[in-house]
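Here Swiss-Prot flags 206-236 as coiled coil. The region 'Surface exposed passenger domain' feature in Swiss-Prot is assigned to 26-330. Per Swiss-Prot, region 'Outer membrane translocation of the passenger domain' is recorded for 331-368, and the stated evidence type is a curator's inference. Positions annotated as region 'Translocator domain' by Swiss-Prot: 369-422. Taken from Swiss-Prot, the feature signal peptide covers 1-25. Marked as transmembrane segment by Swiss-Prot on the basis of a large-scale study or a structure entry: 369-379, 383-394, 401-407, 411-422.
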Amino acid sequence: MTKDFKISVSAALISALFSSPYAFANNDEVHFTAVQISPNADPDSHVVIFQPAAEALGGTNALAKSIHSIAVGASAEAAKQAAVAVGAGSIATGVNSVAIGPLSKALGDSAVTYGAASTAQKDGVAIGARAFTSDTGVAVGFNSKVDAKNSVAIGHSSHVAVDHDYSIAIGDRSKTDRKNSVSIGHESLNRQLTHLAAGTKDTDAVNVAQLKKEIEKTQVNANKKSAEVLGIANNYTDSKSAETLENARKEAFDLSNDALDMAKKHSNSVARTTLETAEEHTNKKSAETLARANVYADSKSSHTLQTANSYTDVTVSNSTKKAIRESNQYTDHKFRQLDNRLDKLDTRVDKGLASSAALNSLFQPYGVGKVNFTAGVGGYRSSQALAIGSGYRVNESVALKAGVAYAGSSDVMYNASFNIEW
């Protein structure tokens, strides 16, 4: 009976082939008609080439070229010392190399392959059909491939690419993308690394639980620092606002006092001038009247003296009243003008203070690299003002701000500031 089967080679198998007319594969009994020494064996090297006459063990041309080498299968070749080639077309070319499987190739010293058409180079291990590894690599799985040195590919079609030395690809179709790396997928196939313990050293991986704790800790610290910075900023802003308001009030009061002093001086001057003018006018009129009366009285006879005196008294009285009335009217007019000017001055001072309060309500930008737009209102007594402004914080230490306030009519106030902190 003839059957196709897979065969494992060992010292026990070799002994069985010499000592028994029977061999077993997959628990089926196989009969050998003979076991013969190949004519290709070197008689001086004590090498045995197994070429059983039974078809189940392969065909002809098995070749073992060195001592302790074994070749089993049609065209199997074991080229170096202690090399083993098992399977049709299998090749073991290196010292201590092992090639098991049809068309498998162990192409360097200590290379090991297991699987159809698998290939391993020096010190490499390839397990699985069509598995391939370069020097000092390990490829496990169908069509797994290691093209870099000292690397490992485990899984169906897993691949360590050229120049990706010292890398590992684990899992179906996993691929590496750099040196000294471990890949468990590829660009379009990502996998999770589960049941990972928390890292303890700087070079350990971090699991999600550790990451969450660090994020929470960082958030707490960030909130604490933000609160501290905000408190400092608010305190600074409050102090500066109070200082600015106090300065504005002081300046307004100084301006008001100056204006009042000027108004008083002007009023006194006008009143003095008016009084002097009235007095001069009255004296002049009185002198003219008296002169006329004297002339008139002198021209009359003495019997008309009493009449002249009476007439003179009446005339002088009327002239004096007229002069006083004109003087009072002029003085009243000047004082009304002064009152109007003072009222306008009070209004302008109130509007100025309202504008200053509105400008002081504008916020300074806090975020670095941020531009803000802010608006505010202010009032003083019966006056109100609207202010708008904008600012920009260049960095943590430098900020710019400008604003404009409008209190009605043509009353506009503006300011601009530059802030440096250290």
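Using N, Cα and C of the backbone, Cβ positions are placed for all residues, glycine too.
Note: the region 'Translocator domain' (369-422) comprises 0 helix, 39 strand, 15 coil (DSSP; helix = H, G, I, strand = E, B).
If you look at the transmembrane segment (411-422), the same-chain residues 6 or more away from its ends with a CB under 8 A from one of its CBs are 348, 351-352, 355-356, 359, 364, 385, 396-405. Look at the region 'Outer membrane translocation of the passenger domain' (331-368): DSSP puts its residues at 30 helix, 0 strand, 8 coil. Sequence-distant neighbours of the coiled coil (206-236) (same chain, 6+ residues past either end, Cβ-Cβ under 8 Å): 196-199, 366. Here the transmembrane segment (383-394) has long-range neighbours at 347, 350-351, 353-355, 357-359, 361-377, 400-408, 413, meaning same-chain residues at least 6 beyond its ends whose C-beta is under 8 angstroms from one of its own.
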